[in-house]
Amino acid sequence: MEWFLIIVTIVMALLLLFVNFYLLVLYCHPDDSGWGSSLVCKVFVIIGMTLTWAQVLMLPLDAANSRGLGEGLDMDFFWKFIYMLILIFGTLFIPFAQYYYESDDEKSVGQRCCAALYQQLCFVVIVALLLFISYAFLRFADIPVYISVKSCAQPTIFLDSETPFTGVANSLQEDSADTLEYEVSFPVYVMAFMSLFGYCLFVIFGGVGLTALPVDLIQEFIHRPKKLTTAEGTQKKSSLKRKAFELIEEGNKIRDEQKEATAIKGWWASYREKRRVRTQFTRYKNAVLCLDRDNEIFKMELKYFDTNPVVWYFKLVVGVIFCVISFIWWLHILLFIVIRDSDGISASPFLNKILIGLEDGNAGFLCVGIFGFLCIYLLWCTQKGNIKFGLRIPFLFSLHIMKVNETWMNTFLFNVQLMLICSVAVTQFCTKAFSQYIRLSTLNMLFSTQIQYLRFFTYLYSNNVFEIILLVWSVLTMIYLLIRRSDKPKILKEIEEMQKQEFK
């Protein structure tokens, strides 16, 4: 069993490297292509993406390892190593690469490195202060201990022997419930620290992605390219040209307003004008993106017979399947995590019961495959939500949209750093959602007996705050996407209304 898991681990690592290399080549901008350009950034992108997906794929590996005979793999070392690696990449390597890439390329390498190091130092100081100060005060976990005199004469508490604990249970004169003050190790606290920030992003992006991923696939089928007559093609081409010229005029107008806002005297008046212009410019960028999408659709419509129509029907089928999977996730979150009785027992184990039943029926490999797919699907939804939410509320993050043959390295680095943080929360969420199925896994032991009961953290994890927000936000997103008929920005709608009025 141990050799089998080692072989599977090596094969998956090589497969991830190949897939990430392919994605980098596929999305990379032509001016950034080739290993001679931004080599270090490309290496960090591949390693970062590999860490993101490898972390989630380690969950089914941990589950399979916990069911093997003998000692198996040392998953405790694997988990702590990969989380420390994520911390190093997320706070040191990737930010520095992004700062260096975005620096003025007309300066010398030394000047660019100094500028990037200065920004990097500021970022590291902030992260270090948050991490070490919080570790000094929040590194203790108050683990509940239930003692029954009738069931045992001497209680035994199974914890990591390398980590000291400073509390002891009450005397065994009568049945009691007490808490054990347990000091977690630094790597375990790093896991909790990153998962807290990752959860803040995961509940937003994951909630959006659970709906957006299947809905967008179905909408792509609905709005698939259709055959155009010559007259329709000419009319649409003229319409796209008019929109392009109007957007050029709008861009020139915004540029002039930016200059005027800079010249305004008075701090408050200048601030309000700059904010108004910045908001208008954000809508303008969305309008340009929408026009570019319409132009791409138009070119596909002209070449309709050159495009295999099976692709669009495949997207419809996949979208329907993903709708079912998202619904299963919602149902599982509701029944197993959110709805609980006064004793903290869930309404139904649902997916846990199904996987355990399949495992008891000698379908262990199928169970691990299903479990791995559900975890990967959730991470996929998170990536989708990152793109979807960034487009809809751009003032929270730069757009940094990944498009085929149009993605710059700073966009790659930004998305990799974001997904590294989110993947930690996705892993913890999946551990909690399948706590019965992977009850013997190493990661479940770390999360359910240590991280879940850390001071301050326990109020969020024990009360399922993030899971409730995720479910509510996902439902609201579903309602919004189903009601909203168009994703076109407001500025483009106004241009189309003006065009209609001109032809009346």
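Backbone N, Cα and C atoms are what each Cβ position is placed from, and that goes for glycine too.
Lifted from TrEMBL, the feature list:
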TRANSMEM  6-27  transmembrane segment
TRANSMEM  39-61  transmembrane segment
TRANSMEM  81-101  transmembrane segment
TRANSMEM  113-138  transmembrane segment
TRANSMEM  188-218  transmembrane segment
TRANSMEM  310-339  transmembrane segment
TRANSMEM  363-382  transmembrane segment
TRANSMEM  412-438  transmembrane segment
TRANSMEM  458-483  transmembrane segment
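Long-range contacts of the transmembrane segment (310-339) within the same chain, counting only residues at least 6 positions beyond its ends with a Cβ under 8 Å from a Cβ of the stretch, are 210-211, 213-218, 220-221, 224, 346-352, 374, 377-378, 381, 432-433, 464, 467-468, 470-471, 474-475. Spatially, the transmembrane segment (412-438) is not adjacent to the transmembrane segment (113-138); fewer than three Cβ-Cβ distances between them are under 8 Å for residues at least 6 apart in sequence.
Among 6-27, 113-138, 188-218, 363-382, 458-483, 6-27 has the largest number of CB pairs under 8 A with the transmembrane segment (39-61). The list of residues near the transmembrane segment (458-483) in space but at least 6 beyond its ends in sequence, with Cβ under 8 angstroms from a Cβ of it, reads 141-142, 196, 199, 202-204, 206-208, 210-212, 215, 330, 333-334, 337-338, 425, 429, 432, 451-452. If you look at the transmembrane segment (188-218), the same-chain residues 6 or more away from its ends with a CB under 8 A from one of its CBs are 79-80, 83-84, 86-87, 90, 130-131, 134-135, 138-139, 163, 315-316, 318-323, 325-326, 329-330, 378, 380-386, 388-389, 418, 421-429, 446, 450-451, 454, 457, 460, 466, 469-474, 477-478, 481-482.
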